[in-house]
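Everything on this sheet refers to the single structure shown next.
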There are 2 protein chains.
Amino acid sequence: MRIGELADRAGTTTRALRYYESLGLLPPAARTGNGYRSYGEEHLRMLEQIRSLQDFGFGLEETRPFVECLRAGHASGDACEGSLEVYRRKLAELDACVARLQEVRASVAAQLARAELASGLREPMCELGRDTAAPAGSPAEALAGPSGGAAAGEPSVPTRGHPRDDPDHP
Amino acid sequence: MRIGELADRAGTTTRALRYYESLGLLPPAARTGNGYRSYGEEHLRMLEQIRSLQDFGFGLEETRPFVECLRAGHASGDACEGSLEVYRRKLAELDACVARLQEVRASVAAQLARAELASGLREPMCELGRDTAAPAGSPAEALAGPSGGAAAGEPSVPTRGHPRDDPDHP
DNA sequence: GTAGACGTTGACGTGCGCGTCAACGCCAGT
DNA sequence: ACTGGCGTTGACGCGCACGTCAACGTCTAC
C-alpha cells in the first residue's frame with residue numbers, strides 16, 4: 001500500500017503521514033525501488049490508533065507507546081504498561097484541567113452577575129434606588145486574587161477540525 | 001511614567017507592553033521628546049484588567065472591550081455591554097469545554113479499566129480465574145486515586161508561566 | 001509522446017503571546 | 001570621556017501538527 005491509499009483509508013493526509021515518519025512514529029515498512037513508501041495493514045491499525053487518541057486530545061508523543069505496542073505484535077495498542085501509564089497520566093491531567101476550568105467558570109460567573117447587577121442598577125434607575133448597592137470597588141481588586149490562579153485557555157483540548165471531519169477544501 | 005516602570009508596577013514586561021501597543025490594545029498616552037512612551041495611572045488600570053482576564057484564560061482580543069470600556073471613562077472595565085457579552089461567551093465556552101473534557105475523561109477511564117482488566121487476566125493467569133474481582137496489590141489502587149500527584153506534564157488548556165509567577169530567569 | 005495522477009524532498013506559513021537577541025539612541029553619574 | 005542603565009525599532013524563535021507551495025521524478029493510460 002502506498003502513502004495516498006493509507007492516508008485515504010485512515011481519513012488523513014499524506015502530509016500527516018510524512019510528518020509522523022519524521023518523528024519516527026510511523027515509519028513505512030519499506031521503500032519500493034522507485035523510492036515510494038510501502039505500508040501494510042498493520043500500519044493502518046497504528047494510524048487508527050494514533051488518530052483515535054488524538055481525538056481524545058493526546059499529543060503525538062503520547063501515542064508513541066500505543067503504536068510501539070502494536071508494532072511489538074500486541075493485538076491492542078493499550079496492552080502494554082507504557083500505554084496504561086499514559087492513560088493514567090492523562091486522566092490526572094484531565095481532572096486537574098476540569099477542576100481549574102470549573103474554578104474559572106465560577107469566577108467568571110460571579111463577575112458577570114456582579115457586573116450585570118451593577119448595570120441593571122444604573123439603567124432602570126427606579127426611584128427606590130437611594131441606597132446604591134454594590135459600592136465596592138472595581139473588579140480589578142476582586143480579580144487580583146491569588147497568583148496561583150488558574151488560566152483556562154480556549155477549547156484547545158476539545159474537538160477541532162480534522163481533515164476527515166471537514167471534507168471541503170479550496 | 002515610562003514603559004519600564006509601568007511594566008514593573010503591573011508585574012509584566014516591556015516586551016508585552018510593546019506587543020499590546022502593536023495590537024492597538026494599549027497605546028501610550030504620548031511620546032516624550034526623545035521618543036519614549038509615556039503612560040499614566042489609567043494605563044496601569046487597563047494593564048491590570050488585561051492581566052487579570054488573561055489569568056482567566058481570555059485571549060488578548062477578548063480583553064479589548066474591557067480596556068476600551070475603561071478608556072471610555074467607566075470605573076470598571078465590565079461596565080459596558082461588550083464586556084458582558086465577552087463574559088457570557090466565555091461562560092458558554094467554558095461549559096462546552098468542561099463537558100467535552102468530561103466526556104473524554106469518561107472514555108479514557110473506560111479504556112484504562114478495560115485494558116487493565118485484560119492485562120490482569122493475562123498476567124497472573126492463576127488457576128482460580130473464574131471470579132475476576134480486582135486482586136490485592138494490583139494496579140487497581142492507582143485507578144482509584146484521582147488526584148494523586150498530577151504535576152508532571154503540562155495540560156494544554158491550563159495556565160502557563162507568567163513572568164510574575166516565575167521570577168527566576170536566566 | 002504526452003497528459004495527468006501519483007510520488008519524492010525541502011522549505012516556509014499558521015496561531016498566540018510574547019522571549020531573546022541585535023544594533024542603536026538618550027541621559028545621569030563619576 | 002566613559003560606563004551603565006534605560007529607551008527605541010526590527011527580526012527571528014518557540015511549540016504543535018500539520019497546510020501549502022515549489023521543483024522535480026515516476027507510473028499509467030490514451
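Easy rule for this one: first residue shown is 1, then count along the chain.
Even glycines carry a Cβ here, placed using N, Cα and C.
Noted in TrEMBL for the protein shown:
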{"type": "DOMAIN", "residues": "A:1-69", "note": "domain 'HTH merR-type'"}
{"type": "REGION", "residues": "A:129-170", "note": "region 'Disordered'"}
{"type": "COMPBIAS", "residues": "A:133-145", "note": "compositional bias 'Low complexity'"}
Request  = For the domain 'HTH merR-type' (A:1-69), would you mind checking the mean pLDDT of the predicted model?
outcome  = 97
Task = Run through the domain 'HTH merR-type' (A:1-69) and tell me, per DSSP, how many residues are helix, strand and coil.
result = 42 helix, 4 strand, 23 coil
